[in-house]
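Novice: Below: one structure in structure tokens.
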């Protein structure tokens, strides 16, 4: 076997007949498979042991030679070579075809490669190959032309006219092979290149296509005639197995049936040719053989597919590769692994951040080899076999050994669907009773897991390296931040939030208010003995609390609550005392208003201070982020565990319950509803009188009900009582939101009909009052639509993620600095008045490209090529700087990846990104994972704001990444200049906008309903939109440059996600958009040897021109091309990656003709061939590290040890 980690690239080509015979271990001459009586393979049949190897390890067919002793000997009785049975997966056979047969991939593909090579139409080829017409191969002296088609009748007429032997014309693939052999590639290419200089239009396109194919053959060293087969390879039998079922029947792979048809027809053809049968019979048999081979290679590509039992089309060789069930996606990219298990998950509230509970039964099976080795090592079992028996009997001493084996051996937990890298994390196993895996409650958010029956898979890293990697890189305690936005992903939820909220509540006049304590311990004693309540406002001496107080806060008394003293006791030292949920308190210090002098009257002080709101979920997230910023991973995960324990403990003590009496009643609800009814009546009257259109009426009515619902909601918020359990759950962020609350206590409001339109009849009741039958019926519409939408959305979002991963999987951080001199100018992203993404968020964690100066003083805030920290970003914003030039992925010069400086920090760690980080995959996951949170709908605004439907949500994201023409397209100006006039034309209901540039004037026609974005006299740059809508990016690319398009697309993606409340770091979107603009289309090839119209990678294009310029030749010119992500994935340089994505046969056909070489730069192609991936620790620079000279002198160490032993 080849060591897969040693080879550097993989090449594909067309197999020559000699090569096929060289691969083969013998010819398959008979269609037989196995003998039905002896169950042994037939000789010279499809399962022959002499050709394909023995069925049993180290044993020949007749059983004369048995054992490894006879390795590689050939038995003289049965002729089988003694070797392993695995050779039946590797050894090929062949069939010598009685007539040449065309390969359907090259004849049928689009464009037909055979047709281009011969300059014949695919239709003409089909007529010749399937024996409908003759083709003239050599016209000799006659007036026929080479490659001319003749029907049977014309052929006979020409023979009569010119006499036998006066010209050569043939039928079938044989004729095509002769023609292909006649093609002189070099001569053809030279002639076509000459012709290319003069022609235009369709002819030019055709010549470029032909040149493309011919030069591909010339470069790759494939011969044109190899597209026609003389020998057919037979794949190894274990890849097309035949297995016996219980009833003595056999189940077999479809390929065996297809091969049998080929062999039968081939043998019949041989016999007919030996008998000198009439030509017409032989021709028919040849045609049948051609069809049989076509079906074997690609069933259904031509004509009706051949079906097996039950009208099911047979799976041909091509189908074995294609699709989700094909070889690529099912077996190469989606292998099942040993040392794994799955079970239902249950909550493990007592676990630490880095632990998970593993059922003993599961662990004993997973760790079996380790336990067995340990049993032998500890001499509890004589040998491995005895140890195995012990483990299977589950002897008592096995469990003790298991405890030691499991200790500090991390396991991986994975929950499907794995939408981002946090869907697989490492934990240290803790053995537990029961059968469910226990999961830490804080890890749920990353997995999107809950305990309503979810299952998770567990995997065991085996090697030392794998364990080290799992522990250092994948341990759950390390994954505090979410890679998509750098915010904490492990935030407390539900009970934990509720407990901490309850703990930090304040109430006036609770028992023991105004007591002053010396230490936190005193506070706790007082609380336990019932002198004070958790919510009681008290005073405590600041010096007893180990916190960073300011000068004038020391030796004073802090006014706080009992609960907050407890809450602050778990916060890491060095953090301010948190007394109110504000950022100032969190980042700098406690507010001075909460302090009093020792002699002051605390009752008076308390009267002057309002009660402070408790700490909600969002604020707990801010605390975690701040702790992480200051103390990094370990301290944060310890704090998180303390926060979790405290939250659970306090919510248990609080014991919140919910009863119907807890749902408040809005006193004047009926007044609000009556007013709405009256308003609707007025609107209907106006409509009846013809004052408003039906659309306007509909919008007004739905508007009225929306307002009614909102005013009820407002009333509820104003009157809410913070001690109400439902309000506490909602306000704290533990469960539910205002909309759920208003459905319980206000009104349910408007519902969507099945067609997605909102119904005018609202549901006036709420759940407390109960719904009428009709209202219940209406509300089921909305509920069902919600369910179906979610299901559809999940599938759509998953497919989007798959395409994104495919296009960016080879983007890896490859070097420290690419040394580019270009940058990206960034500012706030806003739509009209609404802020989408502020400059501050775009700056943090990026490198500058130019120094930033203070606009007023002119002093330098930060130099060139420096990392912008949060503090510096804050300074830049405070200095009122509007634009900053930063290093960006868009302008990075690193080929096949990005450099550290252009990428910035790794959002998941908050530190500089490391070389080897697979940023492409992370970017794809970051964009794809929140895809399910985006809406599905394209909004029908019902003719209010604009006539066009604005696409939003998931469809808009797809539209952007697939570079489609957007719905509701905005017209852009192609010249820079002044808007000279906007003229309305009442007759055609249009407006004409005239833009006057320096050299030319353009006018654009827009509809009356379109919202204008420009006004008369305004100066605009080319590419600026004239009306509201989405710009078509391909058009923008023609008018402006690539960087403008990239910037526009980045803004559009951010708008779509942020409008739904999803935050994603710019850099992820930059990575994806850069992949869409990686290619250049050659416009003029200069003196290089590329063809005009070729697509090239930017880096290859630059290298090509560099060489041309160094040799003093004319460089090629090209223009950037914007490709959708699907097309970009298929245009990748790696044929393995492209073939495993989509259109497998097309990709492979093309790659074979070009003799493409895959340099295995991406992740996917390495996974396919089973090589370690070139990212992270698998990167070349990390794998070949020579250890430094042995610094410790080993013998000396040993001597010291022996001395201590003796002493």
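Keep in mind that glycine also has a Cβ here, set from the backbone N, Cα and C atoms.
Not measured: the values here are computed from a predicted model.
Pulled these from Swiss-Prot:
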type: BINDING; residues: 60, 62, 75, 78; note: Zn(2+) 1 binding site
type: BINDING; residues: 450, 452, 454; note: Mg(2+) binding site
type: BINDING; residues: 818, 892, 899, 902; note: Zn(2+) 2 binding site
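Relative to the rest of the structure, where do these features sit?
Specialist: With a cut-off of 8 Å between CB atoms and residues at least 6 apart in sequence, the same chain places 60, 61, 62, 64, 65, 81, 82 near residue 75 (Zn(2+) 1 binding site), listed in sequence order.
Its own atom aside, the Cβ of residue 450 (Mg(2+) binding site) has 12 Cβ atoms within 10 angstroms in the protein chains shown.
Summarising the environment of residue 818 (Zn(2+) 2 binding site), the number of other Cβ atoms within 10 Å of its Cβ, over all protein chains shown, is 18. Look at residue 818 (Zn(2+) 2 binding site): DSSP puts it in coil.
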Novice: Provide, as an integer number of angstrom, the distance between the C-alpha atoms of residue 902 (Zn(2+) 2 binding site) and residue 450 (Mg(2+) binding site).
Specialist: 38
Novice: Measuring Cα to Cα, tell me the gap between residue 452 (Mg(2+) binding site) and residue 899 (Zn(2+) 2 binding site) in whole angstrom.
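Specialist: For residue 452 (Mg(2+) binding site) versus residue 899 (Zn(2+) 2 binding site), the Cα atoms are 44 Å apart.
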Novice: Please determine which of the binding-site residues listed here (60, 62, 899, 902) has the lowest count of neighbouring CB atoms within 10 Å.
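Specialist: Comparing Cβ neighbours within 10 Å for the binding-site residues 60, 62, 899, 902, 62 has the fewest.
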Novice: Where the distance is taken from Cα to Cα, which of the binding-site residues 78, 818, 892, 899 turns out closest to residue 450 (Mg(2+) binding site)?
Specialist: 899
Novice: Long-range same-chain neighbours of residue 78 (Zn(2+) 1 binding site), Cβ under 8 Å, sequence gap at least 6?
Specialist: 49, 50, 60, 61, 62, 64
Novice: Sorry to bug you, but what's the C-alpha spacing from residue 454 (Mg(2+) binding site) to residue 899 (Zn(2+) 2 binding site), rounded to the closest Å?
Specialist: 40
Novice: DSSP secondary structure for residue 902 (Zn(2+) 2 binding site), reduced to helix/strand/coil, please.
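Specialist: The residue in question, residue 902 (Zn(2+) 2 binding site), is helix (DSSP, three-state).
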Novice: If the Mg(2+) site is taken as the center of the Cβ atoms of 450, 452, 454, which further residues of that chain fall within 8 Å of it by their Cβ?
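Specialist: Nearby residues not in the site list: 345, 449, 451, 453.
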Novice: List the other residues in this chain whose Cβ sits within 8 Å of the Cβ centroid of the Zn(2+) 2 site residues 818, 892, 899, 902, in sequence order.
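Specialist: Filtered neighbour residues, in order: 815, 817, 820, 887, 889, 891, 893, 894, 898, 900, 901, 903.
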Novice: Using a 10 Å radius around each Cβ and counting other Cβ atoms from all shown chains, which of the binding-site residues 452, 454 yields the largest count?
Specialist: 454
Novice: Residues other than 60, 62, 75, 78 within 8 Å, Cβ to Cβ centroid, of the Zn(2+) 1 site?
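Specialist: So the extra residues in range turn out to be 61, 63, 64, 65, 76, 77, 79, 80.
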